[in-house]
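Enquirer: I have a structure here, written as structure tokens, and I will follow up with some questions on it.
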Amino acid sequence: MRRGHVLLFLAWVSILFYSGIWIFMSGFLLMRIELNNQSSCADLPSSGPQGPLQQHPGTCWLPRRFQKAVIIIIDALKYDFAKYEPGITNPKPYQNKLPVIHQLSTSQPRHARLYPFRADPPTTTMQRIKGMTTGSLPTFVDVGSNFASYAIQEDNLIHQLVENGRRVVFMGDDTWDGLFPKKFFKSYFFPSFNVKDLHTVDNGILQHLYPTRDSGDWDVIIAHFLGVDHCGHKHGPDHPETANKLAQMNQVISSLVEHLDEETLLLVAGDHGMTDTGDHGGDSEKEVMAALFLYSKSPLFSHELSKEAETVPQVNLVPTLSLLLGLPIPYSNLGAVMPDLFSWPKKESSVSAALTLASAVHINALQVGRFLHSYSLAAGDLPSDKLRDLKSLLSSLMSEYEQLISERSRGSWTESEYENRLRQHVLRVQRYLVQARAVCMESWARFHPLRMLAGCAILAATCLLCYLAAETGMALDLSCKFLLTYPLFGVVGAGALLAFGKWLSLIEWDCLSLWALVIAASQLTFFYSFRKQMQVRVRLRFRQLSLLFSGPCLILIFRCGSLFSDSFVVAEGHVAPFLLMSLLVLTIYKLHWDGRLTLPTLSPLGGDTTKLTLSTGYRKDGPILLALLGALTLCVRLSGIFHNCREETPDCHPSLFLAPLSNVKDPQLKNISYLGCIVCLVAIVYMVRKWLQHYGNLNSSSALVLYVRWGFPLIALAITCHWALSAGAEDSLARLRDLIQLALVACPRAVYGLAALGLVFLLWNPVTVFMKSSRDSDADNTVTTYSGAPGSQAELLHVIPQIYRKMQRTMKSRLRHGTDEEEENKGAAIEAYGLSSVYSAAMIVTLSLLTMVLLLLHSERITPAFLILLVEAFVILHIHSHVQNLYYAPDSSDQFSVPWYAVISWALAGTQWFYSTGHQPVFPAIHWNSAFVGFQEGHENNITPAVLVAANTFSAHILFSAGSSLLLLWPFLCETPGKKKKGKKEAEEMPLMEMRLRENPDKFAGALLQLGTKYLFIQGVQLLSCVCAAMILRRHLMVWKVFAPKFLFEAAGFTVSSVFLFLGIVLLLRVDSAVKSWFKSLILQQQR
């Protein structure tokens, strides 16, 4: 079979998986429908048959209370930052750093108040801005748009301000530019994504804030500061820089308060909070609890309020601000007005204040009722019974309100009784608003069951397809017709029929459903053609039962089943290493059970002699396997030190190694940590070079070998320089700061450039073989089988192993120092160093380059984890090679088949690597800092930071999928010499090692196909388990906290794994092609 067929088949299988993921996501992560309806002053919400609410003359829905507003958004201003704690003697860096809020709230209680401000998850900036301007509830899938903001189409506060002639001046986070393009009277946007930059945005705002305030050419100022949020991402809240930033914000608030007039409202708010590590995005209490501070020089409240302020949902800000500024409430708002701000201090009586509040909440209720009615007509996903109840409740409230208004005109009640009835009525309206919001929150977790089932079915069928291709092995017809023609025919035929039906309007389905049918047709054609191969089915029947009850299968079943438990998903970082150790222990025990490892036995008592009898296999491999298991156990235990924590495990404390060196305050500890990181990096480079030197792959003068000799140390030097500069950049002298910033950009980019150069050399000529001509002029010609150069491909394939064997005999005879003159005189004309490991050498060089680039994207103190995990991967490969060589002879065709236990253990090791490098499958645990390694000034596009963050997050998937071909190569590499009879003597036969891959190229291609489909099967069934868990448990309490993020990370990880698996096989085939060309040139050279 041609090598290109293998690649095309793997690409087709990957596309099937991608299609299943896409179709499932379209049914699982649906966004709610956004209505384009907009509120206006002339369109006061109506209650239906009772008629419209009486509009106040010359006003828009409600009289305008404030002429201007200054809105200060301090990103990640959690409530603990703003709350004053007077009894603390030793405050943390973030405590009591905003004293102006406490001072104003206590000295002027009717003018200022601090509220807990609860955000709706997900707590990312774009979703919070959307919630604070539209009053709507973003769905879970919106989190994916956080760094690629799309313009808000539904009605919002900014639109209402502009439509009603208000001059809005914005300054700060450029996220607003994407959400509200060309909406502002004046705007000063600054790049927001560089979380390492603490000052650019804030200093830019301060340059424009005070001049704008003093100019008077504005109605609303919005300033979005980012320093506190970036401080949390870079250092965490418990850091002196956080204190400095909060002190700066305190000064900003104080300055604004001094220059406000009585017709201006000051609003200071946080869009979300942050965890103890400075992250956000989830729904923990620390992430959702922000702060809201209101101040005006005119009284805000009619009387002094209770000491403890009630928590205010963020969406409540929209209707409150709209009515205070004399604007219509945005059409899609679900928030409720803040009642404290609408009991206006009327001079006439307290009844007037109660009437104002009642008018405000009724306008709010009618607006929400109108939205629910419009939305139910457009979407139809709100429960009809609850909608009827809400509509009935609103009608009764409107009737009650009209009755109260008429009773006031008749004077039926005293003022105190009437005020009490009004306030009771207001409480009932507020309960209606809370119920309406709850109904929407519950219903917008809506799904498309048919699409979810279709996605699951496609993923399950693709997993079965991979299993069939992997299990049948060499018995499978690997022809182009079988692998490609039938599936392609199914795709084209089904696509043509569906397109024709769509064109004739016979089919009304959407494009996604049509694509699902096309994918299903391609799978069915494969299964049909597969069914025709009788010999394959016979082999499958024989293997099915034994495989089902095997140790690897049981481990895989338990692994997939654990993904249905939220507690197991949370504890996956501990489960994966346990399963890995269990699988390898079971594998070695089975080796002993099968008689491959015989334990020492004693002769019977009473015998003449008592002595130990050991089998050859035990004597050679038993102690080695036990030592390897011990080393693996040690690596697993050590790698657990570098763990991160989830919010669901409050007793867990993140590893100190996750924090960068710049966060270490003790200079001595910082220096020791830095030296330790350098030692680990040097150890990684040393081990790689030592391995290449051991197998003879560092002897030639090729560009790749020279690059390994000199390029690897240069990359390590650039990485260590970057670590040193980033660790001490903030402590550097001001005059050197510009130079250091330049170096912080130059060093990582040098690493990127050198790594890219190494890959170019690798693809250009991956053969790291050193040829040395024999000094013996009478030596036999290397090509001994044919008198001339091979004339056909078959002859070349026959000659190549003969050449390699003759080289081995020559080398061996020379090492005997002339003990066998006849054999020495028959030496080959060429000696080749590194030929037996040429495939593995190319893969090791590639993985080393990837490792150093990925290491650069992580925190410096993660370097020991990389070293430990690389040693662990090396140990797993050696365990696999010993087991494989004990089961099968070197020349057996079974050596070309990588067993299931090896692929499963490799996948489990990749999962362990993910957790042992400080990652978790939740959004707050993403290492956003990696997007700016080498790009200190930010990015001009979204692709580069996305690639860097993805490389950091899925580094384990990249390395283990790209290096999966080592599972095939390593047993050949560790082949031991065999015995061969030569006359009456038994001579030792030198191992062919990786040259056995050249003996049978068809087996090699089939082995690559088997390995690729097995790896995709393992990753696919894990993905399928996450998909089924998310679908079955979609109404589970923890679905959006545990199962949905796990599914998204698993889907993204599968995509990355499949891509790099494909690239790894492409590289291996490139090496094979280069080796073939090398032998051709060698043969031609010898014929001259």
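Cβ coordinates come from backbone N, Cα and C, glycine included.
Look at TrEMBL and you will find 7-31, 450-470, 482-500, 512-530, 542-564, 570-589, 704-727, 739-764, 864-883, 954-974, 1015-1033, 1053-1071 (among others) tagged as transmembrane segment.
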Enquirer: Counting Cβ pairs under 8 Å that sit 6 or more residues apart, are there three or more between the transmembrane segment (1015-1033) and the transmembrane segment (570-589)?
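Expert: Checked: the transmembrane segment (1015-1033) vs the transmembrane segment (570-589), no contact.
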Enquirer: Can you work out which residues elsewhere in the same chain, 6+ from the ends of the transmembrane segment (7-31), have a Cβ less than 8 Å from its Cβ atoms?
Expert: 139-142, 446-452, 454-459, 461-462, 465-466, 469, 483-484, 487, 512, 515-516, 519, 522-523, 1009, 1012-1013, 1016, 1020, 1023, 1027, 1030-1031, 1034, 1044, 1047, 1051, 1054-1055, 1058-1059, 1061-1062, 1065-1066, 1069
Enquirer: In terms of Cβ proximity under 8 Å, which residues at least six beyond the ends of the transmembrane segment (954-974) contact it?
Expert: 695, 836-837, 839-840, 843, 846-847, 850-851, 854, 857-858, 873, 877-878, 880-882, 884-885, 890, 895-896, 898, 902-903, 906-907, 909-914, 917, 919, 992-994, 996-997, 1007-1008, 1011, 1015, 1052-1053, 1056-1061, 1063-1065, 1067-1068
Enquirer: Is the count of Cβ pairs under 8 Å between the transmembrane segment (570-589) and the transmembrane segment (864-883), pairs 6 or more apart in sequence, 3 or more?
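Expert: Contact between the transmembrane segment (864-883) and the transmembrane segment (570-589): present, because at least 3 Cβ pairs are under 8 Å.
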Enquirer: When you scan the chain for residues with a C-beta under 8 Å from the transmembrane segment (450-470), skipping those not six or more beyond its ends, what do you find?
Expert: 9, 13, 16-17, 19-28, 476, 512-513, 516, 519-520, 523, 526-527, 530, 536, 540, 1009-1010, 1013-1014, 1016-1017, 1020-1021, 1023-1024, 1027-1028, 1031
